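Taking it in order: structure first as structure tokens, then the write-up.
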Amino acid sequence: MANFKGHALPGSFFLIIGLCWSVKYPLKYFSHTRKNSPLHYYQRLEIVEAAIRTLFSVTGILAEQFVPDGPHLHLYHENHWIKLMNWQHSTMYLFFAVSGIVDMLTYLVSHVPLGVDRLVMAVAVFMEGFLFYYHVHNRPPLDQHIHSLLLYALFGGCVSISLEVIFRDHIVLELFRTSLIILQGTWFWQIGFVLFPPFGTPEWDQKDDANLMFITMCFCWHYLAALSIVAVNYSLVYCLLTRMKRHGRGEIIGIQKLNSDDTYQTALLSGSDEE
């Protein structure tokens, strides 16, 4: 959808997933470092998350196809292509839906090779970047530039996810991927505000070089904000788990002390009875 809602929708999807990852991966990492950690709960969490991502993708496809001015699953009619921009967006969502399904199969079916889920996710991100690269030809300079900046996050994420096929559960790669997904989500919102200003705000001059310079700088700010979100959530998870661990130790020590006091009192009573 070539409007504000058409960019806010995928932006919200990517932002929600990124924020969830910024909490999930630190939790998983710190649980791995502890003994007797309930890892089977994280497998269930992976399945639920993959199902949600698949649902988001299907919702995106339906939104692109069945909006009032959408193609309604018609690709070609009377010697004309129909709403190819909507079809490109639908194709992007389709690959992410496949990625979500493969993620679920990885944890539900034992004979699916480990790492296929990351490979398919890398392919989905690459396809998104590939589609965006040819998405903005013959557009005004600002329109081309603001979309092309997104390619850095997409192809960087593709490389990072591809490395996860080999280095699975690597916390640094997972957090790097998380930061790029958050960046992608916030940048979709930024594209919507720049190209389709809501609330009657003035439109941007798409041929002004100063606007190109500002948007480039703004992209850097967006990534700094994404890194800050990942760092803050990582720290909060660490502090929370550390506090819970200390609280649990305190309860265990208290119980042990009560047991030792009961044992001591029992010994005294036994000694007095013998006398």
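Numbers run from 1 along the shown chain.
Even glycines carry a Cβ here, placed using N, Cα and C.
As recorded in Swiss-Prot, the features of this protein are as follows:
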type: MOD_RES; residues: Ser270; note: phosphoserine
type: MOD_RES; residues: Ser272; note: phosphoserine
type: TRANSMEM; residues: 7-27; note: transmembrane segment
type: TRANSMEM; residues: 47-67; note: transmembrane segment
type: TRANSMEM; residues: 94-114; note: transmembrane segment
type: TRANSMEM; residues: 116-136; note: transmembrane segment
type: TRANSMEM; residues: 146-166; note: transmembrane segment
type: TRANSMEM; residues: 180-200; note: transmembrane segment
type: TRANSMEM; residues: 212-232; note: transmembrane segment
Selected stretch (most C-beta pairs under 8 A with the transmembrane segment (212-232)) from 7-27, 47-67, 116-136, 146-166, 180-200: 180-200
Among the ranges 7-27, 47-67, 94-114, 116-136, 180-200, the one whose Cβ pairs under 8 Å to the transmembrane segment (146-166) are most numerous: 116-136
Proximity verdict for the transmembrane segment (7-27) and the transmembrane segment (116-136), three or more C-beta pairs under 8 Å: no
Beyond the flanks of the transmembrane segment (116-136) by 6 or more, those residues with Cβ under 8 Å of it: 85, 88, 91-92, 95-96, 98-99, 102-103, 105-106, 143-144, 147-148, 150-151, 154-155, 157-158, 161-162, 164-165, 168
